[in-house]
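Visitor: Would you mind keeping the following structure in view while I ask a few things?
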Amino acid sequence: MPAFSCAFPGCRRDLLVIVLVVFVGIGLPIEASAPAYQSHGTEGSHLTNITNTKKAFPVLAVNYEHVRKPFEIALWILLALLMKLGFHLIPRLSAVVPESCLLIVVGLLVGGLIKVIGEEPPVLDSQLFFLCLLPPIILDAGYFLPIRPFTENVGTILVFAVIGTLWNAFFMGGLLYALCQIESVGLSGVDLLACLLFGSIVSAVDPVAVLAVFEEIHINELVHILVFGESLLNDAVTVVLYNLFEEFSKVGTVTVLDVFLGVVCFFVVSLGGVLVGAIYGFLAAFTSRFTSHTRVIEPLFVFLYSYMAYLSSEMFHLSGIMALIACGVVMRPYVEANISHKSYTTIKYFLKMWSSVSETLIFIFLGVSTVAGPHAWNWTFVITTVILCLVSRVLGVIGLTFIINKFRIVKLTKKDQFIVAYGGLRGAIAFSLGYLLSNSHQMRNLFLTAIITVIFFTVFVQGMTIRPLVELLAVKKKKESKPSINEEIHTEFLDHLLTGVEGVCGHYGHYHWKEKLNRFNKTYVKRWLIAGENFKEPELIAFYRKMELKQAIMMVESGQLPSVLPSTISMQNIQPRAIPRVSKKREEEIRRILRANLQNNKQKMRSRSYSRHTLFDADEEDNVSEVRLRKTKMEMERRVSVMERRMSHYLTVPANRESPRPGVRRVRFESDNQVFSADSFPTVHFEQPSPPSTPDAVSLEEEEEEVPKRPSLKADIEGPRGNASDNHQGELDYQRLARCLSDPGPNKDKEDDDPFMSC
């Protein structure tokens, strides 16, 4: 032990020296020369020196090239998230400047910094944009697309998306071609097809820019779905026009057959994309039917099938955006019925996170690509392009709305038209399409410069001023509160009611076709795509059950669920009673009777269309009157049973019947005080309730269904007795006691020290 303690300081110094030597020699090669071995031979002897060189084991090494790409991607994402976080931490800034504007400014600063240090700034590559950054944004928009507003306004959306985009493309292309023919502009070499190609690139409204701005101003649902739906559905028109004019530019000549094939190509691209997306959506729904034992992989099927739908559409040169929208819309109701609540939460937040990161990166790369260049500036061409974008948008919206309002029930007001026209923002899709132009195109750099200028003008000027304009014009905002169960149930009820009205009138509108589609979906589609679907439950009851469960889950998650359980004493007084069930045979017989009585009237009403020259027969009028009388009688019986139940709830009986009754009982009302003597106090007789009847006791021979009455305690009050002179006073006493027994009891808001009756 002493020897060890003496030697310990020396060991510590040696260990320190070893550590210093290792850190000094990190990554440095250390050469060691081995001793020379000499070999002597009798014949041809020679001397050979063998020098062995070896490296020390590197404790710490740096190899940046090995992780360069993923490391830089992670740094870009981290930068985007930090900018997004800092933006929302400054409320004054976020209230004035849209998030997209700030991100573009950050991209400009980062691109300038990269260029200052002598590096080449990265450019938003079209393949990276279309295959990696755009799909999450479109999938998020399509999966959570509000179906009801979209379907109710799909006609208006298609008019703006198809006809409006065609108008913008040809209007801008034609006027720009006329501008280029002026010699002072210096662009006389630009032909018509090149101008039309540029017009098709700039004419489309960008969904990324629209989402970034309209989500912050909280505009009303109608205007939002019109602008956003147009930005989603105009992709097919943009793709067809871009490919068409690019191909015509290479060929040089255009025939009538080429124009006809271009029109056919539009329908193939749009409808083909929808078909591909719907197929993958049904596959995702069918796959989710068998994931009850492996819940952890449920979200992956949603993401993978959606991305495969997009890639398959792009592979066949179809509209990938429409494929993603169709896939999300088709799969959502079936997938959410099969997956667990945790998987639904995972899908929701992952899509929101993924789309938010992609949107942030797109705007930052727009700023960086602007610095990277190259640019070709022409003041006349660029300024004219910006002005024509505004003019064509305003004229197109006003002209199309004038025609659309003739067919709409809810008209688009002047304020709505202004917001729709002012909200036509351009974004990264236009830049990526311009970047796809070949380097040999003589106008490529000028087109890119004009496109970037239009994007900056729409995002900065229109995006920053649209919120003050909405406040100034007092445009209706979106309702933030979610509809209650009562509102949604009545909305569903009104849909069925309007379907019946359309059937009676003989006019088959969208409510009729919606009912047909829902019936087909419930009868055939859900049977194969939803696991354990209860088809025997009525649709309205199933909808109410679903909404009630959804609201209960929301209340539990928010911590607003009140305590509704009864007390322990009340629970002890509840006696469990076996509820008899109706047999299948008897239930089918009841259904047959109800169907025979209700369906006949429905068939009679639908058998003929409305005509003011046609009168109903007398027997049909008698049948209608008989049905009304039956319904009135059933309603009266229901009200009587409700009154009996309320009386039985508030009628009290003395606990000890054998206790001597006092000589005088005092009954005090709020209006007056009256004292009853023992002789004048009326007698109350009580009858025991009869035992409850079972469903087997229901007679099926009657055509109408009797409302079952709840057994209650009945009280029979004898009238006052006395001579003729006291009849009036006795009747008053009798009425007061009857009021006492039939009154529902004291108000809960009254104080406890003021009882209703005291004995």
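Glycine residues also receive a Cβ, built from the backbone N, Cα and C atoms like all the rest.
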Visitor: From the set Asn49, Asn623, which residue is assigned the annotation N-linked glycosylation site by Swiss-Prot?
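Guide: With Swiss-Prot as the source, N-linked glycosylation site is noted for Asn49.
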Visitor: Going by the topological domains in Swiss-Prot, would Gly118 and Leu436 end up on one side of the membrane?
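Guide: Membrane side for Gly118 and Leu436, as annotated in Swiss-Prot: identical.
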Visitor: May I ask you to name which of Asn338, Asn723 Swiss-Prot has annotated as N-linked glycosylation site?
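Guide: Comparing Asn338, Asn723 with the record, Swiss-Prot tags Asn338 as N-linked glycosylation site.
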Visitor: Can you tell which of the recorded positions (Asn338, Ser641) has the fewest other C-beta atoms within 10 angstroms of its C-beta?
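Guide: So among Asn338, Ser641, the recorded positions given, the one with the fewest Cβ atoms within 10 Å is Ser641.
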Visitor: The transmembrane segment (262-282): which same-chain residues, six or more beyond its ends, come within Cβ distance under 8 Å?
Guide: 236-237, 239-240, 243-244, 305-306, 308-309, 312-313, 316-331, 529
Visitor: Tell me the Cα distance separating Asn338 (N-linked glycosylation site) from Ser641 (phosphoserine), rounded to the nearest angstrom.
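Guide: Just about 42 Å between their Cα atoms.
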Visitor: Taking contact to mean three or more C-beta pairs under 8 angstroms, with sequence separation of 6 or more, is the transmembrane segment (377-398) in contact with the transmembrane segment (150-169)?
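Guide: Contact between the transmembrane segment (377-398) and the transmembrane segment (150-169): present.
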Visitor: Tell me the residue counts in helix, strand and coil for the topological domain 'Extracellular' (245-261), as DSSP assigns them.
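Guide: Summed by class, the stretch gives 13 helix, 0 strand, 4 coil.
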Visitor: Can you work out which residues elsewhere in the same chain, 6+ from the ends of the topological domain 'Extracellular' (170-195), have a Cβ less than 8 Å from its Cβ atoms?
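Guide: Same-chain residues near the topological domain 'Extracellular' (170-195) but 6 or more away: 202-203, 245, 248-249, 254, 378, 380-381, 384-385, 388-389, 392, 395-396, 441-443.
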Visitor: Let me spell it out: take the topological domain 'Extracellular' (118-122), skip the flanking residues so only those 6+ beyond its ends count, and list any with a Cβ under 8 Å from a Cβ in it.
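Guide: Sequence-distant neighbours of the topological domain 'Extracellular' (118-122): 110-111, 365, 368-369, 371-372.
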Visitor: Are there residues at least six beyond either end of the topological domain 'Cytoplasmic' (373-376) with Cβ under 8 Å to its Cβ atoms? List them, or say none.
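Guide: Counting only partners 6 or more residues beyond its ends, the topological domain 'Cytoplasmic' (373-376) has Cβ contacts under 8 Å with 445-446, 448-449, 452.
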Visitor: Looking only at residues six or more beyond either end of the topological domain 'Extracellular' (331-352), which have a C-beta under 8 A from one in the stretch?
Guide: 136, 139-140, 143-144, 280-282, 284-285, 288-289, 291-292, 295, 298-299, 301-303, 305-306, 525-526, 529-531, 533, 553
